[in-house]
Amino acid sequence: MKTLLLTLVVVTIVCLDFGYARTCLKTPEVKSEPCPPGQEVCYTKAWCDRMCSFRGKVIELGCAATCPRQEPGKEITCCSTDDCNTHP
């Protein structure tokens, strides 16, 4: 009986991924990092500032609990797999 119980405990630990955290690309360095607990959405925000005609749109990449709200003048896209918010 103890052997069966021990086997079930080991199988449970192996099957459950206790330390999993979503990873998203984050700015300013544009590198993959684990998201804080509860933040399972990766997002990309893009917008023009006064330097847009010279250097292109400003890009912000990160994690969120939910997809950020649309804002005037900002393009926001969201996804929910690891590192899915690639730089446009």
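One is the number of the first residue shown, and numbering goes on along the chain from there.
Every residue gets a Cβ built from N, Cα and C, even glycine.
The disulfide bond annotation in Swiss-Prot covers CYS24-CYS42 (among others). Reduced to three states, the DSSP call for CYS24 (disulfide bond) is strand.
Annotated disulfide bond per Swiss-Prot: CYS35-CYS63 (among others), in sequence order, evidence recorded as similarity to another entry. For CYS63 (disulfide bond), the same-chain residues 6+ apart in sequence whose C-beta sits under 8 angstroms from its C-beta are ARG22, CYS24, LYS26, CYS35, PRO36, GLN39, GLU40, VAL41, CYS42, TYR43.
The feature disulfide bond is assigned by Swiss-Prot to CYS48-CYS52 (among others). In the three-state DSSP classification, CYS48 (disulfide bond) falls within coil.
Neighbour density for CYS67 (disulfide bond): within 10 A of its CB lie 14 other CB atoms from the protein chains shown. CYS67 (disulfide bond) falls within neither a helix nor a strand when secondary structure is assigned with DSSP, and so counts as coil. Annotation source Swiss-Prot lists disulfide bond at CYS67-CYS78 (among others), citing similarity to another entry.
Swiss-Prot lists CYS79-CYS84 (among others) with the feature disulfide bond. Sequence-distant contacts of CYS84 (disulfide bond), defined as residues of its own chain at least six apart whose C-beta falls under 8 angstroms from its C-beta, comprise CYS24, CYS42. Reduced to three states, the DSSP call for CYS84 (disulfide bond) is coil.
For 1-21, the entry in Swiss-Prot reads signal peptide.
CYS48 (disulfide bond) and CYS79 (disulfide bond) are 22 Å apart (CA-CA, integer value). Cα spacing between CYS67 (disulfide bond) and CYS48 (disulfide bond): 20 Å, rounded to the nearest whole number.
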